[in-house]
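*Asks:* Dumping the structure here so I can ask a few things about it.
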Amino acid sequence: MDKGALFCPLVAFLIYYNNLDGDFVYDDSRAILTNPDVQLKTPVSELFNNDYWGTPITSPNSHGSYRPLTVLTFRLNYLMCGLKPNSFHMVNNLLHSAITYLVYQLSSYVLPNRKSRLFASLIFAVHPIHTEAVSGIVGRADLLCTLFYLSSILIYIKFLKLSGREQYKYNIKISILNKYNNIYCHQTAATYNLCCHEKDRCSLSCLFHIINSAEWTNLSGFKIHLLLTAFAGAAMISKETGVTVLLICICIELLHNKKSLLNLLSFSTSLLLLVLIRCYIMGHEMPTFAKADNPAAKHEHVLVRTMTFFYLPIVNFYLLLFPKWLSYDWSMESIPLIETITDYRNIFTALFYFSIFQMLQINLFNRKKCSTLNYKRTKFKYKYFYKNKYNPSNFNTSLVNKSNIYSKVEVFNKRDRHSIKNCNVHASNTIDNNETSVKLNNYRLRSDTKLGVNNYNESVVNNKLYTNRRTLSERRHFELFDRECDKLILCLLLMTVPFIPATNLFFYVGFVVAERLLYIPSIGFCYLISYGMFLLENRLFYQNVKLSKSIMTFMIIIYSFRTLQRNNDWKNDESLYRSGIAVNPPKSYGNLGSILTSQGRLKEAEWSLKKALQYRPNMAEVHYNLGLLLQTSDRYKEAIDSYKMAIHYRPSLAVAYLNLGQLLLSSGHHREGEDVLLQCSDLDGRRVKDKLAHLHAQTSAMVQLGKFFTEQAKFEKARGLFQKAVNNLPQHYPAQGLYNMLGDVLMKLNQTEEAERWFKEALNTKPDHVPAYLTYGQLLSKNRTRVNEAEKWFLKAEKLAPSDPVVQHHLGQFLSENERYKEAADRFTKAVELAPAEYQLLEKAATALRHAGKSVQAELMYKRAVSLRPNDSRSHSNLGAILHLNGRYMEAAKSYEEALRIEPGERTTLSNLKKLHKVMSRS
């Protein structure tokens, strides 16, 4: 096996080894961590109904990314290793290595020698532009797509190379070469051993080897086309650009000498069929994107859109050539629009497309010229050999003259040497010990034969068939294209055709530049760079091979270091967002602020969020995140203003309404809070980016408002909101809590049967939902005939959550209502131990202890309650009562007086104080 085929994939794996300790970053959260299709929450069939992010593909809110095969690999990753990011990174790294192997294999058909193939494959393996696709886990879509993409091309090339019409061409060549060798051997006995025993092994053995290895020819063309269509379909459902592989196959067919109309029709039909299937899956509706995602697409002037869209491919090419400025996101104004014709960037646009046009024109002209030349050569071969056949008398002995022999060998073997134009011949004849040597640039002489001087003057001296330095496999691969220009055209096609869907030519896309999308086009780019180095080496550096090797090595080293650096950038969200500040400051500062907030670094986060708003004040999500930060810091007024700004810039941002409404209610602005939450529940979410999150926020708004109405004893309003939430329940919403709250409201409305039904529904949805056990137990405890059953539900709740103070509270309340004060006191005391700062628990524990006759312990509980609420008259009044009961009259009087000072005229306290004075007067 070729060592390069092992070395290049190994380098590709090792260069990304330092990403194995990376985390889930950026889009990984939405595609994996919150995607129910990945976490086995949906059946496998749902993968083919949802997009890459878990949204139904036919939904107006869908991103339009239909990649079920990629999601399936995520699902298998999760099934085997759970949410361990290193396992996801390992799969990506292995895929990149496998793709590098295929890149090396394909280069055998495109590049002229092993060194150029090795250089192209190593550049591909270490290119920094691939970091987003490999180190970013969601980039697996590009990796899988490329795997099927290259496999399809290699299968088709193999089929063409070993098809029947290729074998026919090889048989003709072998026949011609054999006839020449036989004639030569009949004419010259002195060279018989040279021709028959030391003849050109690569020239003939290579061709025989190809014909003998014709397993692919056993497959019919129909089966091959089915296989290729299946691979193209797999590439397409890995990522949308995969369908363009059929265009590549069509172009290869057109470049091939023997074009087949049937093949062209077959590929065209398959391409049309796959595109129609893709459109049908999407529901014949294109996804919509925000203006910030692709500003040029939303610009009102056609000229601005056109100039910007023509310039963007140049930016992509620049990133491939000089990958210094790389970013996880190129949206917004990361690349300013070209708004005037006088913009200097239009000069680069003109030069770039002129260069592409000139390259294509030159190659197409050379292709036509080469076709004419090949036709004349073939005609000469048939004419010459079938005229002379094997008759020695018809063979001109002058042909055995050394120069003539070389000229004939060159006629018949130039195409075998694959160097029609660029082959420099240097011949030097030396008569030293009757030996003559002939040197040919890039070719070597296989044997030396010593003859007498007399033989030299009248016949061939040391005639040699020149052998190319290329290996057997290289000569075999090069049979695909007879013209060098075809290989250059294929390199250009590999670089441009996969990029066509990202050009905004047929439809607008939701990005300005996406580094992941350059993964496939970079293959053609690496081939072009390597081919250019080969040409430079032959024309400029042929006297200094070390210089060309130094340039190649330098490029590989520089790209490797940049890739290692980018791997570190992609290890976590913070490092990734910091690395993107130079390219896209507003987006990067905004995302960085959100991450720093989650880490509790509030000052840094606030600075980052405000910095983002300085660059772009209309970013709704940044205003929302700033509101969250300010709310966490108890700066409620500023938080309210931030939420309002978020709503102003994006009226459909449901989470901003939800948080604003909750904050207004807790701040005492009840009417305004109600209006905001009601507005949230009625928002139109047809065009929001994340429909599921939007629906969850709307449902939460109804739930929060329903809870508020329950606290306000507006049970009918609460019931209406809970019922509306149930009727519009989104997918994957935790419904058990909603069912429980609806049952609780119905219980308060004395609709016990309906309440019991919803409590049971909550327990069926989530059997370990503790609040449902407690509320169901409360419902049953109201029926004196079902008290024992109620106690069982409370005890089940205690068994599920023995350390939950709420459970102990409800169980203690149940026991108190049934006058089991001693048990109740134990439960309340345990609840206080679990939540010592809960005033209500302290009060109820003290009351239970007093009823249980434990007045000393009760006094301690009341004192703790007073310490929690020193300005509450009720706390002081209760403490005075227990001190009164314990015979500590002076302290009791002080507590009563303090309660009256806080709340003068409170009747119960006045009555207790009068009683205390009577007792004190008697004593």
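Cβ atoms are placed via backbone N, Cα and C, with glycine included.
What TrEMBL records for this protein is below:
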type: TRANSMEM; residues: 261-281; note: transmembrane segment
type: DOMAIN; residues: 284-356; note: domain 'DUF1736'
type: TRANSMEM; residues: 302-326; note: transmembrane segment
type: TRANSMEM; residues: 346-366; note: transmembrane segment
type: TRANSMEM; residues: 488-511; note: transmembrane segment
type: TRANSMEM; residues: 517-535; note: transmembrane segment
type: REPEAT; residues: 586-619; note: repeat 'TPR'
type: REPEAT; residues: 620-653; note: repeat 'TPR'
type: REPEAT; residues: 699-732; note: repeat 'TPR'
type: REPEAT; residues: 736-769; note: repeat 'TPR'
type: REPEAT; residues: 805-838; note: repeat 'TPR'
type: REPEAT; residues: 873-906; note: repeat 'TPR'
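Distances, neighbours, how buried they are, the whole picture for these features please.
*Replies:* Under 8 Å from some Cβ of the transmembrane segment (346-366) lie the Cβ atoms of residues 307, 310-311, 313-314, 317, 338, 483-486, 488-489, 492, all in the same chain and six or more residues away from its ends.
Within its own chain, the transmembrane segment (488-511) is flanked in space by residues 63, 110, 149, 240-241, 244, 247-248, 251-252, 255, 286-287, 289-290, 293-294, 296-297, 305, 309, 312-313, 316, 330-331, 356, 359-360, 363-364, 367, 481, 517-518, 520-525, 527-528, 531, which lie at least six positions past its ends and keep a Cβ under 8 Å from the stretch.
Long-range neighbours of the repeat 'TPR' (586-619) within the same chain, counting only residues 6 or more positions beyond its ends whose Cβ lies under 8 Å from a Cβ of the stretch, are 292, 327, 329, 331-334, 573-574, 577-578, 580, 625-626, 628-630, 632-633, 649.
Using a Cβ-Cβ cut-off under 8 Å and counting only residues 6 or more beyond its ends in the same chain, the repeat 'TPR' (620-653) has close neighbours at 586, 590, 593-594, 597, 602, 605-606, 609-610, 612-613, 659-660, 663-664, 667, 683-685, 687-688, 694.
Only residues 6 or more beyond the boundaries of the repeat 'TPR' (699-732), in the same chain, are considered here, and those with a CB under 8 A from a CB of the stretch are 36, 41, 654, 657-658, 661-662, 665, 670, 673-674, 677-678, 680-681, 692, 738-739, 741-742, 744-746, 748-749.
Under 8 Å from some Cβ of the repeat 'TPR' (736-769) lie the Cβ atoms of residues 699, 703, 706-707, 710, 715-716, 718-719, 722-723, 725-726, 729, 775-776, 778-779, 782-783, 800, all in the same chain and six or more residues away from its ends.
With a threshold of 8 Å between CB atoms, the same-chain residues lying at least 6 positions outside the repeat 'TPR' (805-838) that come near it are 770-771, 774, 777-778, 781, 787, 790-791, 794-795, 797-798, 844-845, 847-849, 851-852, 854, 857, 861, 864, 868.
Mean pLDDT for the repeat 'TPR' (873-906) in this predicted model: 86.
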*Asks:* Can you work out which residues elsewhere in the same chain, 6+ from the ends of the transmembrane segment (517-535), have a Cβ less than 8 Å from its Cβ atoms?
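*Replies:* Same-chain contacts beyond the flanks: 103, 106-107, 110-113, 115-117, 119-121, 123-124, 127, 129-130, 133, 139, 142-143, 145-146, 149-150, 241, 316-317, 319-321, 487-488, 491-496, 498-499, 502, 548, 551-552, 555.
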*Asks:* What does the DSSP secondary structure composition of the domain 'DUF1736' (284-356) look like, as residue counts for helix, strand and coil?
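*Replies:* Going through the domain 'DUF1736' (284-356) residue by residue, I get 36 helix, 0 strand, 37 coil.
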